[in-house]
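According to Swiss-Prot, the Na(+) binding site annotation covers 243, 274, 277, 278. Taken from Swiss-Prot, the feature compositional bias 'Basic and acidic residues' applies to 1-14. Taken from Swiss-Prot, the feature region 'Disordered' applies to 1-70. Taken from Swiss-Prot, the feature topological domain 'Cytoplasmic' covers 1-85, 133-143, 189-199, 242-269, 324-338, 373-389, 440-460, 509-535. Under the heading topological domain 'Extracellular', Swiss-Prot lists 104-112, 161-170, 227-232, 290-299, 357-360, 411-416, 473-485. The transmembrane segment feature in Swiss-Prot is assigned to 86-103, 113-132, 144-160, 171-188, 200-226, 270-289, 339-356, 361-372, 390-410, 417-439, 461-472, 486-508 (among others).
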């Protein structure tokens, strides 16, 4: 019995030893903490000594003004803050160029093709950032695309810079075609069939009427004033007929946040109708493009244009239904795979349609494919749109920079510029009047009709995307006369962006708060804010 008791006592002592070891370590830490809490002389701190120590610390580290802190941060070693960010960004830019140079050699040196593309890309980004910094009170910010466009324009027309930054036409055309594919995918995914059903008549009228009338007006003016053939006149008309979502949508969102026109759904109407307006313009342009470069009788050209539309729609239906189900929803990285497929198929459609002699079918195929894919994806459509938006952030500076770089001042005749401005001005006035008529009998008052008419003015994105397509196609055919027609179309597109984008943005910002009714909820919030300020 005694042996059993000893064994039991021994077993009980084992865990107690562990507990004692833990307790001793805890006590050790407590002692260390206590030693740390003691003063230098080893005495325990009292309330008076704590106050004394705090005063000594405050006297030892006086508070510095903000400007001294900023200077200390700037002159710190190693650098921090803004200086550190600048050094990091410059290093990344130089590293990108150095990596490309190590692979391509002379192509990435001044005068080389890749050097020109990289420099144009950087300059366009800087130009867009600078324009984005221009902010006027109570007005929407100026669209950064203007800075990108002007950056490309300056690169081409400043002698010293243009000698060292040169881009081959083939590369420029290919990059613009890829950017066009990205725009078409975004337009197709952004189509909202439910919004069209809700707004019905007024949305359809606003999408079709101004675009078609402006296209016809521009075609007549281009034929009689500029001497363009009818097919080229209608191409120019559909280039001008599209409204710019890059200008209209941000401005509408600002008004919507302020509660202007929300009760009658004016911001929603303009954003929804803008997508259909752009698709109509792009489809009409592609159809006229195919007819303009067809050889044969007029009847044959018309039939070929209809055939291109049919080919584009049918191919888009097939591809759209395919990527609705592949990749399947149980796969990993589903969003990235879907974004890659829709972008890859769109780029392939645009390039292959030109290769097979049906240039008008590629854009329509892309629109139908993206629209059907978006309807099938429903739950992940928004995530795919975010990935496509990243691709657009990359190709937007290239697109607008390359468009600006295509315009050479010395190659333009003064009378050509005058005729282009006259054609643009008359077409825009007709568009404003037609837009006013299209929104009649839709429940809007006179002020709201005037606002919608001027809000339907800005042009930018679609003009940059398709404005140079005719010129690129003419260059591929090697006909100087057709290249001249293409240059006229591009010049009008360039002028339309430079003139209407900033003017339209400013008009929306100025007229919106003055002509649109404000929602009651926003009025109550403002009244409460004013009352609290008075109190």
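Going from the start of the chain as shown, residues are counted 1 onward.
Placement of Cβ uses the backbone N, Cα and C atoms for every residue, glycine included.
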Residue 274 (Na(+) binding site) -> DSSP, reduced to three states, gives helix
Report the same-chain neighbours of residue 243 (Na(+) binding site): residues 6+ apart in sequence with Cβ closer than 8 Å to its Cβ, ordered by sequence. 274, 277, 278, 456, 457, 458, 459, 462
Counting Cβ pairs under 8 Å to the transmembrane segment (339-356), which of 144-160, 171-188, 270-289, 390-410, 417-439 comes out on top? 171-188
How about the transmembrane segment (144-160) and the transmembrane segment (113-132): at least 3 CB pairs under 8 Å, pairs 6 or more apart in sequence, or not? yes
Here the stretch out of 113-132, 200-226, 461-472, 486-508 with the most C-beta pairs under 8 Å to the transmembrane segment (417-439) is 200-226
So which other residues, same chain and not among 243, 274, 277, 278, have a Cβ within 8 Å of the centroid of the Cβ atoms at the Na(+) site? 207, 211, 242, 244, 245, 248, 273, 275, 276, 281, 462
Reported mean pLDDT - the topological domain 'Extracellular' (473-485): 86
Collapsed DSSP category at residue 243 (Na(+) binding site): coil
Test the contact criterion for the transmembrane segment (113-132) and the transmembrane segment (390-410): 3 or more CB pairs under 8 Å, pairs 6 or more apart in sequence, then answer yes or no. yes
